[in-house]
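Peer 1: One structure, as structure tokens, below. Some questions next.
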Amino acid sequence: MIETDKLAAERIIAATPSSSHEEVFERALRPRQLDDYVGQEKVRGQLEIFIEAAKRRSEPLDHVLLFGPPGLGKTTLAHIIAREMGVNLRQTSGPVLERAGDLAALLTNLEANDVLFIDEIHRLSPVVEEILYPALEDYQIDIMIGEGPAARSVKLDLQPFTLVGATTRAGMLTNPLRDRFGIVARLEFYDADQLARIVRRSASLLNAHIDPSGALEIAKRSRGTPRIANRLLRRVRDFAEVKADGQITAAVADAALAMLDVDPVGFDLMDRKLLEAILHKFDGGPVGIDNLAAAIGEERDTIEDVLEPYLIQQGFLQRTPRGRVATLLTYRHFGLSAPDAGNERGMWDTPAGK
């Protein structure tokens, strides 16, 4: 898992933050209210209604679960929810809450209607999760005082609050935890026009000169992810300041992204390495995940968690009962002729591999 996180941090088109410096940069560009939030129209519309209703009743917003791929704005929405409700936000993450006391300390310091944001909520330990259940339902927690035979349970009342949980792996949440969220929202990948709007907004905040075609060129290579779009914008801005008098046009963006090995559909060297291995070493597939990992010198987890999701989502890769298979789009992308349909049908005949 450490190697997977390391690779994700090193890729310019990775959807996870690459450093604490980048997190500071993200905060500077983060929209502060729902009206400024681009994309996710369905989720945004729902939150507008639920937040306004809660404010009219002077109640905390129902607990909110946000899930979807990294980099799509879950943390941003948590901050916006707190700001729209006019309350404080306390932020933590699942791995940080190692003991029940860690969570109890956070909960007992919340003021009325505050928002507690737990990122990576699927990584909460079972003992911490058990403490959370009564807090979510009854605004109470039970803590143990003392040790051994003298230990006793003390019930503490909490201020009403809203939990906003964020996860990239909703399937890893336990059913009891998932059932305690009154509002569940999935964030989807953005289209190029939405990302171009985000790029133009970010460029304005950075005092970068960009024309609509330059913003669209960056957007098309951003893998449907605002975090990647903003990261690419920073690098293209650097290139433009040195090579193009600070003017970001489509041609300048294309040259900058080519220098970074980000191709017109957002693939980098690792994406191309994986797809080319399937095409050339395994005749387009099917190939089992372990064989593929050995062929490209990467860990299985890295392929499944870092490389594959976008390739599958965009239709360049398929998981079949017999392994990974390159699609017609992949052959076209690399300028190759696809095998005839008769050969492809054989991929699905008998389950084998992983």
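Placed from the backbone N, Cα and C atoms, the Cβ positions cover glycine too.
Got these off Swiss-Prot a minute ago, pasting:
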type	residues	note
BINDING	Leu29, Arg30, Gly71, Lys74, Thr75, Thr76, Glu137, Asp138, Tyr139, Arg180, Tyr190, Arg227	ATP binding site
BINDING	Thr75	Mg(2+) binding site
BINDING	Arg300, Arg319, Arg324	DNA binding site
REGION	4-190	region 'Large ATPase domain (RuvB-L)'
REGION	191-261	region 'Small ATPAse domain (RuvB-S)'
REGION	264-354	region 'Head domain (RuvB-H)'
Peer 1: Going by Cα-Cα distance, pick out whichever of the binding-site residues Arg300, Arg319, Arg324 is nearest to Tyr139 (ATP binding site).
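Peer 2: In terms of Cα distance, Tyr139 (ATP binding site) lies closest to Arg300.
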Peer 1: If you run the three-state DSSP split on Gly71 (ATP binding site), which class comes out?
Peer 2: coil
Peer 1: Taking only the Cα atoms, work out how far Leu29 (ATP binding site) lies from Arg300 (DNA binding site), in Å, as a whole number.
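Peer 2: About 34 Å separates the two Cα atoms.
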Peer 1: Would you mind listing, in sequence order, the residues at least six apart from Glu137 (ATP binding site) in the same chain with a Cβ closer than 8 Å to its Cβ?
Peer 2: Arg180
Peer 1: Work through the binding-site residues one by one (Gly71, Thr75, Tyr190) and name whichever has its CA nearest to the CA of Arg300 (DNA binding site).
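Peer 2: Spatially nearest to Arg300 (DNA binding site) by Cα position is Gly71.
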Peer 1: Please state whether DSSP places Tyr190 (ATP binding site) in a helix, a strand or coil.
Peer 2: coil
Peer 1: Quick one: pull the CA-CA distance for Arg319 (DNA binding site) versus Tyr190 (ATP binding site), whole Å only.
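Peer 2: It is 23 Å, counting Cα to Cα.
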Peer 1: For the C-alpha pair, I'd like the distance in angstrom between Arg324 (DNA binding site) and Gly71 (ATP binding site), rounded off.
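Peer 2: That separation, Cα to Cα, works out to 26 Å.
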Peer 1: Mean pLDDT for the region 'Small ATPAse domain (RuvB-S)' (191-261), as a whole number?
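Peer 2: Mean pLDDT, the region 'Small ATPAse domain (RuvB-S)' (191-261): 94.
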Peer 1: Identify which of the binding-site residues Arg300, Arg319, Arg324 has its Cβ surrounded by the largest number of other Cβ atoms within 10 Å, counting every protein chain shown.
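Peer 2: For the binding-site residues Arg300, Arg319, Arg324, the Cβ with the most other Cβ atoms within 10 Å is Arg324.
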Peer 1: Tell me, if you would, which residue among Tyr139, Tyr190 (binding-site residues) has the fewest other CB atoms within 10 Å in the structure shown?
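Peer 2: Relative to the other binding-site residues in Tyr139, Tyr190, Tyr139 has the fewest Cβ atoms within 10 Å.
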Peer 1: Taking the Cβ of Thr75 (ATP binding site) as reference, which residues of that chain separated by at least 6 in sequence fall under 8 Å from it?
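Peer 2: The answer is Gln91, Phe117, Asp119, Ala166.
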Peer 1: Can you count helix, strand and coil residues in the region 'Head domain (RuvB-H)' (264-354) using DSSP?
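Peer 2: Its residues fall into 49 helix, 9 strand, 33 coil.
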Peer 1: Around Gly71 (ATP binding site), how many other CB atoms lie within 10 A of its CB?
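Peer 2: Taking all protein chains shown, Gly71 (ATP binding site) has 26 Cβ neighbours within 10 Å.
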Peer 1: If H, G and I count as helix, E and B as strand, and all else as coil, what does DSSP give for Leu29 (ATP binding site)?
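Peer 2: Helix, per DSSP.
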